[in-house]
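Peer 1: Below, the features straight out of Swiss-Prot:
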- 27-47: transmembrane segment (TRANSMEM)
- 50-70: transmembrane segment (TRANSMEM)
- 101-121: transmembrane segment (TRANSMEM)
- 142-162: transmembrane segment (TRANSMEM)
- 179-199: transmembrane segment (TRANSMEM)
- 239-259: transmembrane segment (TRANSMEM)
- 285-305: transmembrane segment (TRANSMEM)
Amino acid sequence: MSAAPAQAHPPSRLTLYRQLIRWDRPAGWLLLLWPTLGALWLAAGGFPGWHLLAVFTLGTVLMRSAGCCINDVADREFDRHVKRTAERPVTRGAVSVKEALAVGAVLALAAFALVLTTNALTIALSFPALAVAVAYPYAKRCVAMPQAVLGVAFSFGIPMAFSAVRGGNGAWGLAALNAAVPWWAWGLLIGNLFWVLAYDTEYAMVDRDDDLKIGIKTSAITLGRHDVTAVMSFYQLYLLAWGAIGFWQGLGVAFAAGLAAAAVQVAWHHTLIRDRSRDGCFKAFRLNHWVGFAVFAGIVVDLGWRA
């Protein structure tokens with residue numbers, strides 16, 4: 001008699017949780033990290049100190065991971081109809097809804113504990129930041145461009161970085177916000193929102209056929225045949241906003257080199273998405289964090305030369 005085939009062991013809870021928070025896909029939290037750290041350096045006029053660097057780096061990773069838990073719970077009925085997401089732990093039933101929410105809550109509380117080591121204004125800003133992050137998955141049901149909601153969520157680290165550096169007097173009202181977060185910091189937020197629109201529209205282009213069938217809204221569907229043109233316009237607005245503000249703040253040659261490196265990558269991304277292939281669009285999205293890194297590196301080097 002032939003031996004019965006050995007049954008594969010089910011994945012451990014730790015393995016499932018790692019899948020839930022996309023631990024093997026750091027591109028997601030890197031997309032949040034570079035603009036947040038860029039704002040931190042600009043707010044401080046250079047190196048912001050190890051404490052704030054640790055708070056915002058760890059906080060970014062934790063909140064992005066918590067966001068994955070919330071997103072997978074909210075989208076579980078949709079995800080089973082999408083090729084790319086059908087095997088996510090919550091969608092396939094390997095992790096329960098309550099379990100995923102518990103993991104997300106623990107991660108969010110850990111991030112909040114880090115925020116508590118900053119100041120009152122930054123703590124206050126963390127609440128609307130959380131609200132927007134929670135709202136994003138549900139925006140896909142009723143907003144034509146839900147990527148704009150994601151753009152606000154992914155950009156909220158910018159005003160929080162300024163408040164952490166400049167809002168240390170204990171006040172947390174509107175006057176304190178205006179004093180700690182200048183108008184040009186909000187300009188950085190708006191510019192970064194356009195970057196999010198660019199790369200998340202590329203991401204939405206991957207799933208467009210599936211999304212049309214299940215009836216959710218995305219920027220790729222809303223933009224239709226103008227999607228590639230719109231993505232390139234979003235990139236240009238992002239680089240224009242950050243470039244104008246950076247030069248206005250006195251950044252020079254190194255920052256210009258960072259912008260140029262980012263622009264070269266954007267031009268390459270156009271070659272990846274112009275035919276709207278799934279593989280090309282997904283590759284452009286997956287490598288997009290290098291665009292943000294180029295801008296961040298230009299800021300760091302330029303401010304470092306001043307020191």
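For all residues, glycine too, the Cβ spot is worked out from N, Cα and C.
Since the structure is predicted, the reported quantities are computational estimates derived from the model, not experimental observations.
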Peer 1: Against the transmembrane segment (179-199), which of these stretches has the most C-beta pairs under 8 Å: 27-47, 101-121, 239-259, 285-305?
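Peer 2: So the stretch in question is 239-259.
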Peer 1: Given the transmembrane segment (50-70), which of the listed stretches 101-121, 142-162, 239-259 has the most Cβ pairs that are under 8 Å apart from it?
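Peer 2: Top-ranked stretch among 101-121, 142-162, 239-259: 101-121.
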Peer 1: Is the transmembrane segment (27-47) packed against any residues at least 6 beyond its ends, judged by a Cβ distance under 8 Å, and which are they?
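Peer 2: Tertiary neighbours of the transmembrane segment (27-47) are 53, 56-57, 60-61, 63-65, 68, 154-155, 157-162, 164-166, 185, 188, 192, 195-196, 199, 242, 246, 249, 285-289, 292-293, 295-296, 299-300, 303-304, 306-307.
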